[in-house]
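> Pasting a structure here, questions to come.
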């Protein structure tokens with residue numbers, strides 16, 4: 001399989017139970033079918049399946065009921081960079097410049113989306129449209145059913161990394177919201193984010209201020225606010241309708257790799273080995289989560305607990321309100337690229353090629369942080385991040 005050399009580089013074992021849950025965080029199951037690092041992990045909206053995309057050029061579907069692999073998705077000619085799982089279909093993108101749509105029941109490839117001229121970094125399925133970003137400096141919109149490009153978004157001067165979408169109904173009061181077909185927000189290594197009118201492909205706003213690559217992006221659609229994280233160590237908040245920079249979040253000492261937005265609180269994971277919690281409306285840093293031995297590469301908030309994945313190959317659970325470290329999950333050999341939580345099970349996907357399942361019962365279950373403004377729906381909030389590179393482990 002052409003592509004980057006695998007860091008797994010060994011014959012991997014099939015899924016196996018790994019004992020009962022202990023205070024130190026023993027794995028319930030280790031799913032090691034992939035023969036290369038896992039770059040992304042997606043959970044279906046109904047919670048019944050997981051999708052992993054790997055350096056080995058394949059994707060796999062897993063049952064959340066028993067952790068077994070239920071389908072192998074083969075067809076890409078290079079490594080899979082990202083994936084998204086819907087209830088009826090799975091979507092993958094690859095360094096082979098294509099995107100593929102798969103039947104989740106049979107594993108059959110239903111559609112190949114061709115048009116990008118370089119690595120496809122990210123995909124996003126929303127409002128019956130498929131959006132993609134690429135090293136070819138473009139983002140594109142596609143018909144989910146037909147596979148044709150419906151729009152190209154050109155204007156970035158370097159590769160496009162991250163995507164977020166705001167549907168027309170999420171823009172009440174915005175002029176001509178229906179006519180523009182919603183707004184697509186993209187972040188690039190050229191140091192800018194751009195806001196695009198989906199229907200016309202026109203650039204609505206260019207968000208300038210970062211002095212480094214934009215690595216991650218979350219969108220709060222009710223307030224028309226985008227939060228971007230960058231290699232310049234800052235997070236910035238923007239009004240996507242006016243293009244105004246609203247505030248700058250400054251305290252990290254390294255690149256901001258991943259973001260999570262929960263009830264007007266922004267959580268940021270950084271190469272400085274910390275996670276910080278900020279008030280979205282003021283930019284005030286109210287909490288720092290330490291204890292990581294390398295870059296923080298993944299974040300997931302669930303029921304009062306903040307789960308993190310790190311380049312030190314460990315996942316951690318923190319009390320989101322106090323910042324106290326509650327549990328450390330050890331077992332991976334390389335950076336954890338993605339995490340998901342479903343029904344008291346933590347799923348971690350790593351560059352060591354393994355998907356691990358952890359029992360998180362026993363962790364305190366608390367309500368989310370009290371919002372500092374009236375609660376708003378987050379039904380169309382999307383988060384994208386770029387994982388950090390694998391690094392040698394440090395002693396525990």
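Using the three backbone atoms N, Cα and C, a Cβ is placed for every residue, glycine included.
What TrEMBL shows for this protein is this:
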type: REPEAT; residues: 31-72; note: repeat 'WD'
type: REPEAT; residues: 73-112; note: repeat 'WD'
type: REPEAT; residues: 113-152; note: repeat 'WD'
type: REPEAT; residues: 181-206; note: repeat 'WD'
type: REPEAT; residues: 207-248; note: repeat 'WD'
type: REPEAT; residues: 249-288; note: repeat 'WD'
type: REPEAT; residues: 329-361; note: repeat 'WD'
> Using Cβ distances below 8 Å and needing 3 or more such pairs, separated by at least 6 in sequence, tell me whether the repeat 'WD' (113-152) contacts the repeat 'WD' (31-72).
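These two stretches do not touch.
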> Quick check on the repeat 'WD' (113-152): DSSP residue counts for helix, strand, coil, in that order please.
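Each residue of the repeat 'WD' (113-152) counted once, the result is 0 helix, 24 strand, 16 coil.
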